[in-house]
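One structure is given below, encoded as structure tokens.
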Amino acid sequence: MGQVEKGKKIFVQRCAQCHTVEKAGKHKTGPNLNGILGRKTGQAAGFSYTDANRNKGITWKNETLFEYLENPKKYIPGTKMVFAGLKKQKERQDLIAYLEAATK
């Protein structure tokens with residue numbers, strides 16, 4: 001299980017330039033992540049996704065985010081997300097803990 005505060009720091013350093021988490025937050029280069037857990041890939045209303053994201057057909061949950069965040073381009077070939085990923089398991093756990101808390 002990850003630590004929310006450590007995950008928040010990772011989000012601010014590595015994710016916040018492209019993503020927001022607030023309810024009704026705006027899309028940036030990447031989609032707003034509010035409500036991501038339980039949502040299918042490529043489904044944030046008002047965001048222009050690649051076909052690869054729309055067609056992946058998985059539902060975001062802890063396990064799928066954990067795998068995706070290690071190497072986004074490997075998990076969804078054709079995604080426009082330029083983030084290289086988080087190789088450290090603990091960092092991914094912390095980030096997911098933060099996303100769980102911040103995007104309900």
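Even glycines carry a Cβ here, placed using N, Cα and C.
Annotation source Swiss-Prot lists heme c binding site at Cys15, Cys18, His19, Met81.
Everything Swiss-Prot records as a feature, shown here on the structure.
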{"residue": "Cys15", "record": "heme c binding site", "Cβ contacts under 8 Å, 6 or more apart": "Gly30, Phe83, Leu95"}
{"residue": "Cys18", "record": "heme c binding site", "Cβ contacts under 8 Å, 6 or more apart": "Lys28, Thr29, Gly30, Met81, Phe83"}
{"residue": "His19", "record": "heme c binding site", "Cβ contacts under 8 Å, 6 or more apart": "Phe11, Lys28, Gly30, Pro31, Asn32, Leu33"}
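The residues near the heme c site, meaning same-chain residues not in Cys15, Cys18, His19, Met81 whose C-beta sits within 8 angstroms of the mean position of the site's C-beta atoms, are Ala16, Gln17, Lys28, Thr29, Gly30, Leu33, Phe83, in sequence order.
Whole-number maximum of the Cα to Cα distances across the heme c-binding residues Cys15, Cys18, His19, Met81: 11 angstrom.
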